[in-house]
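What TrEMBL annotates here:
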- 1-13: compositional bias 'Basic residues' (COMPBIAS)
- 1-116: region 'Disordered' (REGION)
- 49-58: compositional bias 'Basic and acidic residues' (COMPBIAS)
- 59-68: compositional bias 'Acidic residues' (COMPBIAS)
- 84-161: domain 'Casein kinase substrate phosphoprotein PP28' (DOMAIN)
- 101-116: compositional bias 'Basic and acidic residues' (COMPBIAS)
- 150-166: compositional bias 'Basic and acidic residues' (COMPBIAS)
- 150-180: region 'Disordered' (REGION)
Amino acid sequence: MPKGRKGGHKGRARQYTSPEEIDAQLQAEKQKAREEEEQEEGGDGAAGDPKKEKKSLDSEESEDEDEDYQQKRKGVEGLIDIENPNRVAQTTKKVTQLDLDGPKELSRREREEIEKQKAKERYMKMHLAGKTEQAKADLARLAIIRKQREEAARKKEEERKAKDDATLSGKRMQSLSLNK
């Protein structure tokens, strides 16, 4: 908090001037400057037509000044001329100048996204063809599982045959013992 009699600026409502008000003030200053120039030259009746021509020229100059005002630089930039070859002046294009049918340049993110999708598609094709490391490992694991299943099926078949043989031999024994 500041020391002294008067209070600080905290808590006060800030007042901002709108761009329209600033433009109006500039126009009023220009108009006042024109009137002062006319009074200095004098009020000859015969020189009325050149004044009108001068006013029309002044209006053209004021339009140029308005453009300069819009392109006014901030801070110290207005005092120092900087020639930066990398800086591109922003230009506005009209609707008639836009080329909508031409090829559109992609942003870096869009290009990277497209490249990522293409790489994924190439990988999937190679994977389905069995040329990737992961596909080779999967095929090897699949071959091992197939062998295990074939061996398990063969063992079950042998056990079933052995059981059938045992039951048939047991029935034969019974039938032989009954026949005796």
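Backbone N, Cα and C define each Cβ position, glycine as well.
Just so you know, TrEMBL annotations are computer predictions that nobody has curated.
Remark: secondary structure over the compositional bias 'Basic and acidic residues' (101-116) totals 9 helix, 0 strand, 7 coil, with classes taken from DSSP. Each residue of the compositional bias 'Basic and acidic residues' (150-166) gets a DSSP state, and the totals for helix, strand and coil are 17 helix, 0 strand, 0 coil.
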